[in-house]
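Take a look at the structure set out below.
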Amino acid sequence: MLTLIIPLLLSFSIPFFIALGIFTSLNKRTRKLNNALNGGNIKGDAPVVELTDSSKDELGQLSQHYNSMTERLRQQHSQIQQFENKRKLLLSNLSHDLRTPLTTMLGCAEMIRTGNYKDENDLQNRAKIILQRCSYMDKLLDQMLDISRQDGDELSIHLVNHR
């Protein structure tokens, strides 16, 4: 009887421990992948969770795809940040470049309106300054329009309805 029980126990316990080892390994790899997917950060201020599963099975391939996707997202996030910084700088510069001639034009127009000019020559000079500043602002706006057209060609957004 004992001779039957020992082989029977061995025949059940060996496959059980092999299956338990495989299950534990898969469970550990799956938890690691799940934690990376739930806790991934694409911003540049925190380290990205990189999966080091180099096996050739489905989980290994999924880990490699996750790593490449995360890297692409980081690069895109960095490009968006650079674009946003350039946009803020451009708006700041444009505000200054438009405000300066506008202030000059307002001052000259106010002097003309109130009649606070020396003579006809001074009046003509003030009008000339206004025209020059208007021409400068017109050129600046044309350049802005050209830039916006170029940016529109580089950065196109395609909206897709997923209903």
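Using the three backbone atoms N, Cα and C, a Cβ is placed for every residue, glycine included.
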- Task: Quick one: sort out which of 38-65, 66-93 is the coiled coil according to TrEMBL.
- Result: 66-93
- Along the coiled coil (66-93), what average pLDDT does this model show? 87
